[in-house]
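*Asks:* Starting off with a structure, shown below.
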Amino acid sequence: MSDPTADPAALPADGLAEELAEEALARDAADPLAQLREHFVLDPATVYLDGNSLGALPKAVEGRLADVVSREWGRLQIRSWEESGWWTMPERVGALVAPLIGAAPGQVVVSDSTSVNVLKAVVGAVRIARQDDPVRDELLVDAATFPTDGYIAGSAARLTGCTLRALAPEDVPAAVGPRTAAVLLNHVDYRTGALHDLPALTAAVHAAGALAVWDLCHSAGALPVGVDAHGVDFAVGCTYKFLNGGPGAPAFLYVRDGLQERFDSPLPGWNSHADPFAMAPDYEPANGAVRGRVGTPDILSMAALETALGVWEGVRIEDVRAKSLALTDFFLRCVAAHGPAASAGGSVVGSAGGGLSVRSVTPVEHARRGSQISLLCDPAERAEPVMRELGARGVVGDFRRPGVLRFGFTPLYTSFQDVERAARVLGQVTGGTR
Ligand SMILES: Cc1ncc(COP(=O)(O)O)c(C=O)c1O
Ligand SMILES: Nc1c(O)cccc1C(=O)C[C@H](N)C(=O)O
């Protein structure tokens with residue numbers, strides 16, 4: 001078997017494709033997480049590399065939803081708020097997400113969408129920063145952020161009277177200062193798959209006396225986050241990507257223990273009231289993670305998510321990370337092997353017939369890589385038809401303008417054979433394969 005850490009350009013050309021196929025088989029046979037794939041509904045004819053957008057369906061979800069619909073809703077009806085534990089689901093499901101992001105109990109609630117939780121977290125953070133120091137009137141945001149975070153940060157700035165400044169995450173330590181109230185950053189960049197240095201950036205934000213809000217959409221369930229260990233103040237994230245909760249599954253909100261009593265949510269709905277059924281005219285916030293709730297939870301989606309999270313029982317996020325890095329390393333090697341490959345600036349470049357080349361824009365260093373590989377096509381206009389053709393040949397990734405092919409790797413169900421096949425088909429589609 002080839003050395004998995006070998007430089008792709010240094011591998012022998014002859015028989016390389018066969019070697020990689022054999023290596024994939026051997027690595028799947030040795031993979032300690034391999035049996036988890038059995039928990040998912042997967043089409044054997046398709047390689048699914050889009051779990052960074054919508055995770056695959058865990059098999060147990062269908063039965064759970066059938067039961068929630070027919071028994072809990074159909075027969076128990078309104079009694080289910082108590083008898084089926086519907087009312088406390090946001091905290092209960094939050095407690096299942098907590099260990100996956102390194103949070104001790106009582107700090108995570110599952111509720112609403114990530115977009116909505118960004119508003120709660122950013123406004124909440126600015127309000128706390130202002131309690132300590134009213135002069136703080138600046139909000140910093142990752143310039144390359146997923147758009148919803150930028151739009152909502154803009155609204156949060158208007159609501160709180162802050163100015164909003166967009167900048168690259170690596171420029172935060174130099175930019176954050178005595179006027180900064182809060183900084184909103186993405187742990188993993190949705191387009192490039194770059195992993196930002198959460199511990200160092202959080203420390204830099206704190207050194208300036210500001211609060212750090214992290215969007216964990218592309219890291220929760222893909223790698224260890226360590227929110228408690230690194231002193232993160234607020235965090236939000238999707239549950240329909242690497243946590244496989246299903247389309248539109250409710251998002252999570254983390255509020256650090258030490259800030260919970262001071263968290264003044266901009267969306268103080270009746271579900272976060274200390275005594276919701278008092279139906280009191282005045283708002284009195286509940287304590288703990290419940291304070292992040294707003295209105296009636298979406299029980300069907302929440303039930304799907306709760307069951308989906310059952311797959312994680314006994315799974316260590318460190319093992320998931322190790323497999324994720326092995327999968328992405330292997331993909332880069334296979335992509336290089338299936339197109340005439342060269343190494344350029346540390347990134348794999350495959351250039352193929354018809355003047356098409358692909359270049360990885362995902363950092364090579366493990367410490368800077370999430371669980372996806374993004375290949376930039378040159379010319380960019382070829383990316384969309386390439387992804388369409390990949391889909392037609394049973395390889396599902398996605399495309400982001402201007403010319404990025406995104407491939408997401410979910411260690412719970414992605415195999416090394418999936419990776420090898422995807423790269424081989426990509427080579428065929430781009431015209432560079434052996
Ligand atoms: C980084 C990031 N933040 C937020 C979102 C979206 O959140 P919502 O579920 O509210 O659409 C996504 C993906 O859709 C995302 O990738
Ligand atoms: N949430 C999505 C949706 O409702 C439709 C299509 C895609 C999505 C996504 O999750 C996109 C994803 N956040 C991204 O990284 O691009």
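Every residue gets a Cβ built from N, Cα and C, even glycine.
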*Asks:* Among TRP73, TRP270, find me the residue TrEMBL lists at the same pyridoxal 5'-phosphate site as THR114, SER115, PHE146, PRO147, THR148, ASP149, ASP215, HIS218, TYR240, THR296.
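*Replies:* Checking TRP73, TRP270 against TrEMBL: the pyridoxal 5'-phosphate site match is TRP270.
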*Asks:* If you count CB neighbours within 10 Å, which one among the binding-site residues THR114, THR148, THR296 has the smallest count?
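*Replies:* THR296, out of the binding-site residues THR114, THR148, THR296, has the fewest neighbouring Cβ atoms within 10 Å.
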*Asks:* How many other Cβ atoms are found within 10 Å of the Cβ atom of ASP215 (pyridoxal 5'-phosphate binding site), counting all protein chains shown?
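*Replies:* A count of 28.
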*Asks:* How far apart, in angstrom, are the most distant Cα atoms among the pyridoxal 5'-phosphate-binding residues THR114, SER115, PHE146, PRO147, THR148, ASP149, ASP215, HIS218, TYR240, TRP270, THR296?
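*Replies:* Farthest Cα pair among residues binding pyridoxal 5'-phosphate: 30 Å.
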*Asks:* State the Cα to Cα distance, in Å, between PHE146 (pyridoxal 5'-phosphate binding site) and LYS241 (N6-(pyridoxal phosphate)lysine), rounded to an integer.
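*Replies:* Answer for this pair: 14 Å between alpha carbons.
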*Asks:* Roughly how many Å lie between the Cα atoms of THR296 (pyridoxal 5'-phosphate binding site) and LYS241 (N6-(pyridoxal phosphate)lysine), rounded to a whole value?
*Replies:* 23
